[in-house]
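As recorded in Swiss-Prot:
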{"type": "ACT_SITE", "residues": "C50", "note": "active site, nucleophile"}
{"type": "BINDING", "residues": "T49, C50, N51, R52, S107, E112, P113, Q114, Q118", "note": "substrate binding site"}
{"type": "BINDING", "residues": "G187, A188, G189, E190, T191, I192", "note": "NADP(+) binding site"}
{"type": "SITE", "residues": "H97", "note": "site 'Important for activity'"}
Amino acid sequence: MAFIALGINHKTASVAVRERVAFTPEQMVEALQQLCRLTTSREAAILSTCNRSELYLEIDHPTADDVLAWLADYHRLTLDELRACAYVHQDEDAVRHMMRVASGLDSMVLGEPQILGQMKSAYAVAREAGTVGPLLGRLFQATFSTAKTVRTDTAIGENPVSVAFAAVSLAKQIFSDLHRSQALLIGAGETITLVARHLFEQGVKRIVVANRTLERASLLAEQFGAHAVLLSEIPEELANSDIVISSTASQLPILGKGAVERALKQRKHKPMFMVDIAVPRDIEPEVGELDDVYLYSVDDLHEVVAENLKSRQGAAQAAEELVGSGVTEFMQRLRELAAVDVLRAYRQQAERLRDDELGKAQRQLANGADPAEVLAQLARGLTNKLLHAPSVQMKKMSAEGRIDALALAQELFALDEGAPRH
């Protein structure tokens, strides 16, 4: 049995690679079931965000070569392409990695809170797919507990900083006064919700939310006094938009160079600020070639993010220590679990011996035997039967010269005297 955490993230792979290895929500259940069917993975969960795609596994051997091969094949990459940017963590390192990820310590934005919710969603989907069992389930629960402790006991989450916040901060650098700016937000998920909140708090003049379903767009728009439209209405909204921020789960670009070019002509080449947070990308990279367009991808936000992280660096060490404690506690409990089956079998054996002796004593009492003598025989019989198998095995080990095993038996039975002598 081994735990494995493997994948790619913003530190090891470009956005061009990450979008190729991303899983859509629609793919997730089928992918999980295929992963467990075609590899040695006994339990599995997949976390796929704009910054990382990771697989968390419980497998029956300590290598993940077949899983890497499956991941490359699933996303139509060569194995060499994937190996060039993939990482593999095993057992204690895998546990530590999961806890660091959930705590926001491995994020582009140190301490960002969204990743914990995303990991909880990954766990829920894996449960729906039937690919999470008792071991991986325990690891997820321990991970959530540690991440909660980090969040409540350190300042890692203070001074809100996220990719969404970084995008709005960058917009403020382009348009110093957002009160006169109009924003078009594409998508209606968690990241776009955060963007909308930050823009609303900055007093942006007008927000339009475009989404595949009008119902979802309207639910988000209502929170911030925004206007909701369908994706098909984006071309009409572009000309009025100073700020365009997109984050959907679409597998194909939503905005192309031609549509933006036409909008710029209507705007008389007034600057347009665009941030594509999606992986795969929502906005064709060629849009960035247009004059008067400031197009940023999620990778371009690194510099803005770094500037906003200084206040959280001091809390990072305390958070790492809490993660270390969480890892130690989980690994100890995991080792204790290894004894559960043995203890259960030992107890069942002892209970069978007890029942045999108790039945014999009850029959003797029913036949009129002296109760005191029956009790004495019960005690002697139970003692002899409980000691018989261990006694036979210890004599055998002694005859074989296995002094270390005898010393272990003394520790196991908490004996104070009679230690074997070398």
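Even glycines carry a Cβ here, placed using N, Cα and C.
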Near NADP(+): residues not in G187, A188, G189, E190, T191, I192 with Cβ within 8 Å of the site Cβ centroid are L185, T193, L194, V195, L220, S247, T248
Minimal Cβ count within 10 Å, across the binding-site residues P113, G187, points to P113
Given the binding-site residues N51, Q118, A188, T191, the candidate whose Cβ has the fewest other Cβ atoms within 10 Å is Q118
Long-range Cβ list for H97 (site 'Important for activity'), cut-off under 8 Å, min separation 6+ in sequence, same chain only, gives A5, H89, D106
Counting every protein chain shown, other Cβ atoms within 10 Å of the Cβ of C50 (active site, nucleophile) number 25
One should report the C-alpha separation between P113 (substrate binding site) and E190 (NADP(+) binding site), rounded to whole angstrom, as 11
Students should find that the Cα atoms of N51 (substrate binding site) and T191 (NADP(+) binding site) sit apart, in Å rounded to an integer, by 12
S107 (substrate binding site) sits from I192 (NADP(+) binding site) (Cα to Cα, rounded, in Å) at a distance of 18
Mapped onto three states, the DSSP assignment of T191 (NADP(+) binding site) reads helix
Same-chain neighbours of the substrate site, Cβ within 8 Å of the mean position of the Cβ atoms of T49, C50, N51, R52, S107, E112, P113, Q114, Q118 and not counting those residues, run in sequence order as M108, V109, I115, V163
Nearest by Cα to G187 (NADP(+) binding site), of the recorded positions C50, S107, Q118, is C50
